[in-house]
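Quick look at what TrEMBL lists:
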- A:Glu55: active site, proton donor (ACT_SITE)
- A:His53, A:Cys83, A:Cys86: Zn(2+) binding site (BINDING)
- A:2-111: domain 'CMP/dCMP-type deaminase' (DOMAIN)
Number of protein chains: 2
Amino acid sequence: MANTDGFMDAALAEARDAAARGEVPVGAVLVLDGVIIARSGNRTRADNDVTAHAEIAVIRDASAALGQERLAGADLYVTLEPCTMCAAAISFARIRRLYYGAEDPKGGAVDNGVRFFSQPTCHHAPEVYSGLGETEAASLLTGFFRAKRED
Amino acid sequence: MANTDGFMDAALAEARDAAARGEVPVGAVLVLDGVIIARSGNRTRADNDVTAHAEIAVIRDASAALGQERLAGADLYVTLEPCTMCAAAISFARIRRLYYGAEDPKGGAVDNGVRFFSQPTCHHAPEVYSGLGETEAASLLTGFFRAKRED
């Protein structure tokens with residue numbers, strides 16, 4: 001059985017690290033054959049790059065490490081429901097399974113928003129499992145945005 | 001009046017260069033205050049990066065050059081209708097105007113597919129102008145895929 005809890009814990013650790021750097025606290029790990037091959041928090045501020053969401057960061061890092069564009073057979077663990085940009089990138093990378101923590105009604109694109117994986121313009125959809133580590137994933141985000149409002 | 005034809009010509013030149021490198025021939029330029037600040041063709045193969053579409057490449061390059069995440073006031077010229085991933089990235093980057101060449105019924109996300117800029121989960125939409133350089137943009141793509149099938 002896959003060590004799903006351990007992998008989501010690793011993604012949550014990346015989210016906490018992102019928060020400590022002043023980034024929106026979302027974290028992700030990419031797993032291939034039971035091994036984490038890339039891990040990252042959201043790093044849009046650090047990189048001055050709106051595309052540097054945790055999911056895109058791990059896809060790019062893993063592809064660079066493996067020297068290949070597509071990541072067939074790889075599983076992505078991310079603490080928040082992927083947005084429209086990341087859902088499409090996950091599809092392009094041929095990710096096998098997507099595990100995500102908290103839903104994102106405002107910006108998500110898997111079970112909310114454009115529901116990209118169910119659209120005719122989506123040409124590969126991963127299996128999706130949600131709710132892992134949801135409580136901690138959501139509380140990291142609400143804590144972060146509450147602190148920002150109080151700044 | 002903006003030099004829209006000249007900017008789309010520059011994007012088409014990037015698309016032709018991409019084709020010459022064996023990449024899907026899509027090109028883009030990003031313009032700020034009447035000056036091209038980034039130009040790129042699709043480089044997914046060269047970079048081993050499924051996210052390295054021409055639009056993402058110019059957004060990332062421009063942000064790196066300017067040292068800022070968001071590109072408010074910048075206009076993007078791209079030869080093909082942006083896909084779901086790129087439409088969302090364009091929104092995140094706060095691009096002011098999007099000019100695109102050919103429509104993409106199979107993968108586009110502006111006037112086809114998820115029509116992201118009209119969705120409630122899209123929090124910034126650019127003005128959109130389409131059809132500039134459409135004939136050449138489309139013929140580059142059809143020629144590329146015809147040649148691939150004949151390989």
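Using the three backbone atoms N, Cα and C, a Cβ is placed for every residue, glycine included.
Among the recorded positions A:His53, A:Glu55, A:Cys83, the ones whose Cβ sits under 8 Å from a Cβ of chain B are, in sequence order, A:Cys83. The Cβ of A:Cys86 (Zn(2+) binding site) has A:His53, A:Glu55, A:Ile56, A:Val78, A:Ala109 as same-chain neighbours under 8 Å, each 6 or more residues away in sequence. Other C-beta atoms found within 10 angstroms of the C-beta of A:His53 (Zn(2+) binding site) number 28, with every protein chain shown included. The Cβ of A:Cys83 (Zn(2+) binding site) lies under 8 Å from the Cβ of A:His53, A:Asp104, A:Gly107, A:Gly108, A:Ala109, A:Gly113, each of these being in the same chain and 6 or more residues away along the sequence. Cβ neighbour count for the residue listed as 'active site, proton donor': 30 (other Cβ atoms within 10 Å of its Cβ, all protein chains included).
Assigned with DSSP, the residues of the domain 'CMP/dCMP-type deaminase' (A:2-111) fall into helix, strand and coil as follows: 43 helix, 27 strand, 40 coil.
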